[in-house]
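What Swiss-Prot says about this protein:
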type: COMPBIAS; residues: 47-56; note: compositional bias 'Polar residues'
type: REGION; residues: 46-70; note: region 'Disordered'
type: TRANSMEM; residues: 100-120; note: transmembrane segment
type: TRANSMEM; residues: 137-157; note: transmembrane segment
type: TRANSMEM; residues: 168-188; note: transmembrane segment
type: TRANSMEM; residues: 194-213; note: transmembrane segment
type: TRANSMEM; residues: 225-246; note: transmembrane segment
type: TRANSMEM; residues: 262-282; note: transmembrane segment
type: TRANSMEM; residues: 346-362; note: transmembrane segment
type: TRANSMEM; residues: 381-399; note: transmembrane segment
type: TRANSMEM; residues: 419-439; note: transmembrane segment
type: TRANSMEM; residues: 445-464; note: transmembrane segment
type: TRANSMEM; residues: 477-494; note: transmembrane segment
type: TRANSMEM; residues: 518-539; note: transmembrane segment
Amino acid sequence: MAAFIKDSFWGQIIYRLSGRKLFRHNDELPDYVVPEKYLLDPKEEVLNSSDKSQSSENKEQTEGDQATIQNEPASEHIIVTWDGDDDPENPYNWPFAWKAIAAMQIGFLTVSVYMASAIYTPGVEEIMNQFNINSTLATLPLTMFVIGYGIGPLFWSPLSENSRIGRTPLYIITLFIFFILQIPTALSNHIAGLSVLRVIAGFFAAPALSTGGASYGDFIAMHYYSIALGVWSIFAVAGPSIGPLIGAAVINRSHDADGWRWSFWFMAILSGVCFIVLSFSLPETYGKTLLRRKAERLRKLTGNNRIISEGELEDGHKTTSQVVSSLLWRPLEITMLEPVVFLIDIYIALVYSIMYLIFESVPIVYAGIHHFTLVEMGATYVSTIIGIIIGGAIYLPTVYYKFTKKLLAGQNVTPEVFLPPAIFGAICMPIGVFIFGWTSSPDINWFVPLIGMALFAVGAFIIFQTLFNYMAVSFKVEYLASVFSSNAFFRSVSAGAFPLFGRALYNNLSIDKFPVGWGSSILGFISLGMIAIPVFFYLNGPKLRARSKYAY
């Protein structure tokens, strides 16, 4: 764990405050041998290489050197890379246990902030009574939080890929602000103030959502990345699913009209614990940031200012207009010009929105029809977690045999390998919605609608995973942050807006004994139509990629 603390948020601060004496790296230890390339003047190296030929032995040594030299007169840099393929400071070379610990920490962060969206739901009735407002206004803080973490990725995703910043400082600083915001939120006495605080909290919760999956890719090889992304997504989807149960439990335990406030006190405690743990133990994982720090250390060690990292070169050449473009314009441009991104954004936004509408309909079914207590009603949301686990049990082996195993065997794999499972998930989702809607009746056992919720979760999870991976392997790496940030924006804004009219949708279409039947049917029929999207990609994917300037 000492290695983790060394590259953690506080570890880096202590390192610098101690004058680089504490938490030193391998290249700062007395027995470290500086590679010869870092000691040479690039001009001298260019002259030497042009004046005399090298033996085959020297060529092999040059190919194995840990720095590549750009011979252009304009650059004359020594580019820092890892000390060999087995450099222990390269996150890809971490032992499995280290990778598992880092993955669990990022998963803990994701759950800790992501459950804040739906933990608010059980307190809606109390807020309506206390503030004397209707259900639409009472739902507004939920909407604002979701919209907040939809806007956040447009800003945070590009910053996380700047070598000067990296992943961990962004996680820790925004997590601290998120933690602080829970205090005034819990003390709020007006729905407007509550809504404003929630949208700000959602904005600062966004890095876990927008960058968590990318962090897994920093230390997990491409062959296994699809599986790792599936594991991270279980954390991401489990957060909103267990939020209502925890919210119901803390509200019920408070025994007063202000019980809803305890949802936010709980979030303050949880995010505070998460901040303390991760700020001391979550290491930096972004390779370009780690190499930038290494370049700084080598410049100090050797006095050679020509030593530079790839990240420093990239960031130094970006103009203000390029930064603004990557932050705001490129995600919009890709969404408008790429049919794949546009259609997947619409589909994922629908899936996300239906999930939050189902969360809104649960009180109608289980409090209104079956007369469940607040905690009993909160427990019904566990069915979505069960569905997610089942979806993962289907998806993970499938992607291993259809994608990972073939890559390990050196076979060529096209992105369309993810689409047959996507079609399966697309079929499961509307079936689950119909079952939930038409079995939510006083004449039918309360357990049956939960089967529909679980089946919906199976389909939703598989759709998320397959379509995200389809985009990840279809588009060039330098555009992925924009691709995923546009998707996060679309789905979050849509999911944030849907709950505002969710109650009205169900109430206006309610019939005797089936209060959510026709409302759910509308969602189910729309979902049926959306099955055409993965089918269309399966049939036309190669043609679409061939016409794209952003795709491989």
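Just so you know, glycine gets a Cβ as well, placed from its N, Cα and C.
A Cβ distance under 8 Å defines the sequence-distant neighbours of the transmembrane segment (100-120), meaning residues of its chain 6+ beyond its ends; these are 1, 4, 91, 94, 141-142, 145-146, 149, 171, 175, 178, 182, 198, 201-202, 205, 208-209, 212, 215-216, 219-220, 228, 231-232, 235-236, 238-244, 246-247, 260, 263, 266-267, 270-271, 274, 277-278, 281-283, 285, 356, 359, 381. Contacts between the transmembrane segment (445-464) and the transmembrane segment (477-494): absent, as fewer than 3 C-beta pairs lie under 8 angstroms at sequence separation of six or more. Same-chain neighbours of the transmembrane segment (477-494): 146-147, 149-154, 157-158, 160-161, 206, 209-210, 213-214, 326, 330-332, 334-335, 341, 344-346, 348-353, 468, 471, 550, counting only residues six or more beyond its ends whose CB sits under 8 Å from a CB of the stretch. Proximity of the transmembrane segment (518-539) to the transmembrane segment (137-157) is not established, fewer than 3 Cβ-Cβ distances being under 8 Å for residue pairs spaced 6 or more apart. Each of 137-157, 262-282, 346-362, 419-439 was scored by its Cβ pairs under 8 Å to the transmembrane segment (168-188), and the highest score goes to 262-282. Cβ atoms under 8 Å from those of the transmembrane segment (262-282) belong to residues 1, 4-5, 8-11, 101-102, 105-106, 108-109, 112-113, 115-116, 119-120, 122-123, 168, 171-172, 175-176, 178-179, 182-183, 185-186, 246-247, 250-251, 253-254 of the same chain, restricted to positions at least 6 beyond its ends.
In terms of C-beta pairs under 8 Å, the stretch of 137-157, 194-213, 346-362 lying closest in packing to the transmembrane segment (419-439) is 346-362.
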